[in-house]
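According to TrEMBL, the Mg(2+) binding site annotation covers N7, E381. Residues or ranges marked as ATP binding site in TrEMBL: K14, H205, L206, G207, N208, G209, D279, L280, R281, G327, I328, G329, E330, N331. Feature annotation from TrEMBL assigns substrate binding site to R90. Annotation source TrEMBL lists active site, proton donor/acceptor at D147. Look at TrEMBL and you will find H179, R238 tagged as site 'Transition state stabilizer'.
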Amino acid sequence: MKILVLNSGSSSIKFKLLQMPLEKMICSGMVERIGYEDAILSIKKDEINIQETVPIKSHREGLSIIVSYLTHPEKGVIKNPQDIFAVGHRVVHGGDSFAETTLINGAVKDEINYYSALAPLHNPPNLEGIEIAEKLFPTAKQVAVFDTAFYQTMPVKARKYAIPNTFYTEDNIKVYGFHGTSHKYVSEKAIKYLGRETSKIISVHLGNGCSMTAIVNGKSVDHSLGFAPSNGLVMGSRSGDIDHSVIFHLVDGLGYSLNEVKQLLNKKSGMLGLTGSSDLRDIQAKAEEGDKNCQLALEMNAYRIKKYIGSYTAVMNGLDALIFTAGIGENSSLIRKLTCLDMDYLGIKLDSVKNEKRSNVLREINTDSSQVKILVIPTNEELEIAKQVFNLIS
Ligand code: AMP
């Protein structure tokens, strides 16, 4: 069964075509810079990488180009769109309406549209991707996989903000959580690896966006992102935790507009604000050359992760495994080292030799005497989406 996974963002569409249940990737790619004359189409199939600059006016045009590539008589991988049995759509916000992966119908689309108010950058392009895919793949089942679904198991005490109750009950202001597909995928891998009936896990997803989830027996119990993907860890360009008084002072005391503060905290802060770059590779290189701001930013980054490890270990009353995943978590031995330094009180002991080894499969990087397993697990959100779609429709 061929399943096409689509991640339709504000100016890009990413896709992966998978053969399920073999979990075999047939081809993948993306269109970026939609709306520009010099949009970029990239396709990866076996060892072949194609990249072309083409004008792409709209999402519809972008997805049509992808379909014409997939069905191309010589270069393509399917004969016609009917070969796709199902399309799995990544949808960022499903609010409290969706605890599970769901077959898309009119009512589901209405709900996704309703939650656009809470995820204005993500849900509208996700919905647009669904509507275009319905036209381009009329025989395929359309399925929505929600980033927020994994957090529906969190207890109210972890989801509710300490503001008057009506904001929770009437205005839906609460923790929704993000990166759920990634945390679910890597934690299931870890549970299988641990081979235990019960487990207490902390999953640390460190990419451009960063988040942590506390997971007991496969169910999330706490999470660092909140109402929007801005709380918690220091991210590429987002500040993470900040005293809200700073916002009032920026507006009332320093004369910034609310929109400027929003841009500042989401687009100009985090590692970018601290160092001038949001790319950890640049920051590590500069820190090695002696740049003090970069050195401090790396320490701040790891310090914040450490604090969340401490609080989640307390919340779960124990810890069996600590997972590092995503671009930074999988590749930066330095961030892992700084994070795990002096954590032996909590039973976390990093093996510095294993930490430096590179591999693209699950690996253990703790010492033999470490009570807690420290695991590096490559995430694969598209495969998780395809698995969930396959499980739903078969
Ligand atoms: P993601 O959002 O998961 O693609 O992760 C993007 C982040 O991963 C960027 O900050 C990159 O700098 C970082 N990253 C990717 N490769 C490496 C690497 N080899 N070493 C350190 N950081 C990396």
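Placement of Cβ uses the backbone N, Cα and C atoms for every residue, glycine included.
Small disclaimer: the values here were computed from a predicted structure and weren't measured.
Look at the recorded positions D147, E330 and count other Cβ atoms within 10 Å of each Cβ; E330 has the fewest.
In sequence order, the binding-site residues near R238 (site 'Transition state stabilizer') (Cα within 10 Å of its Cα) are N208, drawn from N208, I328, E330, E381.
For the binding-site residues given as D279, E381, the lowest number of other CB atoms within 10 Å of the residue's CB is seen at D279. Of all the binding-site residues listed (K14, R281), K14 sits in the most crowded Cβ setting, with the most other Cβ atoms within 10 Å. According to its DSSP assignment, E381 (Mg(2+) binding site) is helical. Ranked by Cα separation from I328 (ATP binding site), the recorded positions N7, R90, D147, H179 are led by H179. Listed recorded positions near R90 (substrate binding site): N7, D147, E381 (candidates N7, D147, L206, D279, R281, E381; Cα-Cα distance within 10 Å). Residues within less than 8 Å, Cβ to Cβ, of N7 (Mg(2+) binding site) and separated from it by at least 6 positions along the same chain comprise I13, K14, F15, H89, R90, G129, E381, E382. H179 (site 'Transition state stabilizer') sits 6 Å from D147 (active site, proton donor/acceptor), taking the Cα positions as reference. Counting Cβ atoms from all protein chains shown, I328 (ATP binding site) has 25 others lying within 10 Å of its own Cβ. Annotation note: H179 (site 'Transition state stabilizer') sits in a coil segment as assigned by DSSP. Only N208, D279, I328, of the recorded positions D147, H179, N208, D279, I328, E330, place a Cβ under 6 Å from an atom of ligand 1. Binding of ATP is attributed in the record to K14, H205, L206, G207, N208, G209, D279, L280, R281, G327, I328, G329, E330, N331, and the widest Cα separation among these residues amounts to 23 Å.
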